[in-house]
Amino acid sequence: MGYGTRKLSDEYEVSEILGRGGFSVVRKGTKKSSIEEEKSQSQVAIKTLRRLGASNNPSGLPRKKDIGEKSTIGFPTMRQVSVSDTLLTNEILVMRRIVENVSPHPNVIDLYDVYEDTNGVHLVLELCSGGELFDRIVAQDKYSETEAATVVHQIASGLEAVHRANIVHRDLKPENCLFLDVRKDSPLKIMDFGLSSVEEFTDPVVGLFGSIDYVSPEALSQGKITTKSDMWSLGVILYILLSGYPPFIAQNNRQKQQMIMNGNFSFYEKTWKGISQPAKNLISSLLTVDPSKRPSALELLSDPWVKGEKAKDVQMDPEIVSRLQSFNARRKLRAAAIASVWSSTIFLRTKKLKSLVGSYDLKEEEIENLRMHFKKICADRDNATLSEFEEVLKAMNMLSLIPFASRIFDLFDNNRDGTVDMREILCGFSSLKNSKGEDALRLCFQMYDTDRSGCISKEEVASMLRALPYDCLPTDITEPGKLDEIFDLMDANNDGKVTFDEFKAAMQRDSSLQDVVLSSIRP
């Protein structure tokens, strides 16, 4: 089969969304030839890396890579992948290196196939359905150093394999470690190599995204990034596994950066008195500022504590698990918010939408009706097909907009999967309404308080941040940890949800933040 003849939809049934990143979306897929067979052996994760510009000659792939085969056939070459998105091309390069030098490995995500079309590149990956690392731990009845050592051993095993292939992950954190399945003895897989680099071959992706909690001192100081940078990140993960909080805690982001670069952390007696000395010694070696003095992944695999020989097999203080639960909830909320901000294109969509519908001005009750009709007509409540969107417009008697339905729909179908996010369309229409003051803030807030509970959940906060036009975000938004600071301003009592009073108070404390949020409902 020649280039350009294969289509993802010909071979896979693509279903629900498993997750979103700033530059990608991951969905569950089932191989069509196996739909009636054992689904457990035919289900995959399909990661679509969105391209910023269409290729003049998008290429398909000649055939599927047989599992275990070390051929590079099936990967678009750099000439064939004519895209401007550095992250897209970088991830393809790294995944090709993994296929050639690492796969299959019990602790590294496996890549089965690659497809390319005008919308982007689709990576067909091993499906990890066992949940994130911290989710599994906080749900356990018993948790001890032994369980933590098993986790570290598996991560070190995966890192040793990718490091041997000269790959630096550069974004190692709990959410990038998933269990393969729900079995108690399920292997833990390292995934998401979008920010990775191949030593002496590719340049590391420029910039730091999200929290700096796991970032090494050399990365913060823009020094040389090596495999030892991943070992620092593993040290941070281990510290959290044994205490329930990160090693570097500060009043603001600048102070935290300084603490990291100085390696300024401690083992507080109240928390760490029950933790073994070998565990603390291991953390200290991993969180050494000088990268050359940190142990390698290979050395870690022979460490007595990591092997379980010196890890305490007694249940940890329940307070540690409680803190870990709280930390995990906030981490997930921030991750969702950060991904949403980086995926934002609502500003450009709103300008195009306004050019289509002119001065059509929706009142607040019309926006509410639009939301209600979406939920009533759309099968999955949050996403609409074109025909469902047209039915919504008809039900609302918005007849003047029906001729533009397909064009409006196309603005919001960013990944060209034939569906659009209801909340993004709501926000787009709301942007045509010029509101001010508290009414404007309440409109922003209520638009995403979909269950009318009086507070915004983590998913709803993520949607709200997605609606912020990038052009209006603070100029320092790309600084490490800046997005964490913005969220901290909103969630004043750290309970993982934001009330309107908290939301409004954050706006009043920071006028620049208010300008950012209000920009999402102004033309």
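Cβ coordinates come from backbone N, Cα and C, glycine included.
Predicted, not measured: the structure shown is a model, and the values here were computed from it.
DSSP assigns ASP171 (active site, proton acceptor) to coil, not to a helix or a strand. Per Swiss-Prot, the feature active site, proton acceptor maps to ASP171; the stated evidence is sequence analysis.
Feature annotation from Swiss-Prot assigns ATP binding site to LEU18, GLY19, ARG20, GLY21, GLY22, PHE23, SER24, VAL25, VAL26, LYS47. Neighbour density for LEU18 (ATP binding site): within 10 A of its CB lie 16 other CB atoms from the protein chains shown.
Of all the Cβ atoms in the protein chains shown, 21 others lie within 10 Å of the Cβ of THR419 (Ca(2+) 1 binding site). For ASP413, ASN415, ASP417, THR419, GLU424, the entry in Swiss-Prot reads Ca(2+) 1 binding site, with the evidence type sequence analysis.
Within 10 Å of the C-beta of SER453 (Ca(2+) 2 binding site) there are 11 other C-beta atoms, taking all protein chains into account. Residues annotated as Ca(2+) 2 binding site in Swiss-Prot, with sequence analysis given as evidence: ASP449, ASP451, SER453, CYS455, GLU460.
Residues or ranges marked as Ca(2+) 3 binding site in Swiss-Prot: ASP491, ASN493, ASP495, LYS497, GLU502. Residue density at ASN493 (Ca(2+) 3 binding site): 9 other Cβ atoms are found within 10 A of its Cβ, drawing on all protein chains shown.
According to Swiss-Prot, the domain 'Protein kinase' annotation covers 12-306, on the basis of sequence analysis.
Sequence annotations record features per position, and here Swiss-Prot assigns domain 'EF-hand 1' to 400-435 based on sequence analysis.
The feature domain 'EF-hand 2' is assigned by Swiss-Prot to 436-471, with sequence analysis given as support. The average pLDDT computed for the domain 'EF-hand 2' (436-471) is 56.
The domain 'EF-hand 3' feature in Swiss-Prot is assigned to 478-513; the stated evidence is sequence analysis.
According to its DSSP assignment, THR271 (phosphothreonine) is helical. Look at Swiss-Prot and you will find THR271 tagged as phosphothreonine, backed by similarity to another entry.
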Rounded to the nearest Å - Cα separation of ASP171 (active site, proton acceptor) and CYS455 (Ca(2+) 2 binding site): 32
C-alpha spacing of LYS497 (Ca(2+) 3 binding site) relative to THR271 (phosphothreonine), in angstrom: 27
Candidate with sparsest Cβ neighbourhood (10 Å radius) among SER24, THR271, the listed recorded positions: THR271
Closest of THR419, SER453, ASN493, LYS497 to LEU18 (ATP binding site), Cα positions, binding-site residues only: THR419
Distance from VAL26 (ATP binding site) back to LYS497 (Ca(2+) 3 binding site), taken between C-alpha atoms, in Å: 25
